[in-house]
Amino acid sequence: MQGTRNSALHCRDGVPSAGAAEEHTRCPPLRFSSGARAHFRPTQVCLVAPLLALLGALFTSVSGFRDLPSQSEWLCRISESGQRCGDVYANEVTQQKGGICRAGDCCARTAIGSSGMFGDICTSDEYQCRHHKDQFSFGKCDLKNQCHRCSKNSRCHQDNSENGGVWCQCPPGGEGSGITCKVDPCKGNPCNNGICLPKEDDESAFECQCYPGYTLMEDSMGRYRACVDYCGAGVCGEGALRCLNGESRHMCICKEGYVNQTLNGFDTCVPLDLCSVQPCGKPEAVVACKTTSTTTYTCECQVGFKETKLDGRPYCAADVSN
């Protein structure tokens, strides 16, 4: 290495060093020529790491560092103290819980530092100071960049506070840490009046085989979710003569004066507008048609036409009496 070398570590003012004559000796600032880097002996490690480890233990126990719900696991976490790592090497920060690294300054992912913890020199600002797993993802600790790591059966959550981060949670009824999550789609029998069968190609999906007299009901995604008694719920309305539950849909048989229509996705019987089929005759013969009930109507005829009956129903016929 070129340049001046100094065996003292670079610690912030007021931070004691290990290996000094007295435990409370302060580490002097590190000085070296431009472009040079200092090399440290394993015994010359600032006490930042053990102090931070101790503070970290106290922090999690008394300061409310976020405890995740059961069946949850962090994807990435925001620094406990919000600190930056600064111009230090991996073996000085391996016990630090979190921080934002500047390129070339802090621990990354692979090499083992003098304390035996994993760490290396950062190669980009996106790397993090950390001492376990791959939890700290500063600059990218958000739902957009992290949630794809959750199981598709899990929920992804974000807390932007200093002690928060992004984590996965396996919902009640599932088994796993959140990053992994296995669910039983038939737990509790969502089909209700039928048999629930898990789908082989999708661990979170199921099919229903309904008992006789029940019909499959679709959810908003067009998937069958439950077996219901549509006819028992009276979906055909008061105009129904009879209702039949089928395997995949129900059918309404309507009374005279009613017609089958689909309303809000359900078959039902609605009153027939008798005048809609022009029962009074040709338009040139009719002034107006008026429906008086579900089975009756009246005709107002043009001059030269008069209301007559055909098979008991009124219509406008030519007036041949004049």
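All residue numbers here begin at 1 and follow the chain in the order shown.
Any Cβ shown, glycine's included, is placed from N, Cα and C.
Of the candidate ranges 1-22, 89-110, 111-132, TrEMBL annotates residues 1-22 with the feature region 'Disordered'. When the candidates CYS170, CYS208, CYS210 are compared with TrEMBL, only one is recorded as disulfide-bonded to CYS191, and it is CYS208. In the three-state DSSP assignment, the secondary structure recorded for CYS208 (disulfide bond) is strand. The domain 'EGF-like' (182-220) scores a mean pLDDT of 84 in the predicted structure. Neighbours of CYS191 (disulfide bond), defined as other CB atoms within 10 A of its CB across all chains, total 24. Within the set of disulfide-bonded residues (CYS186, CYS196, CYS208), the lowest number of other Cβ atoms found within 10 Å of a Cβ is recorded at CYS186.
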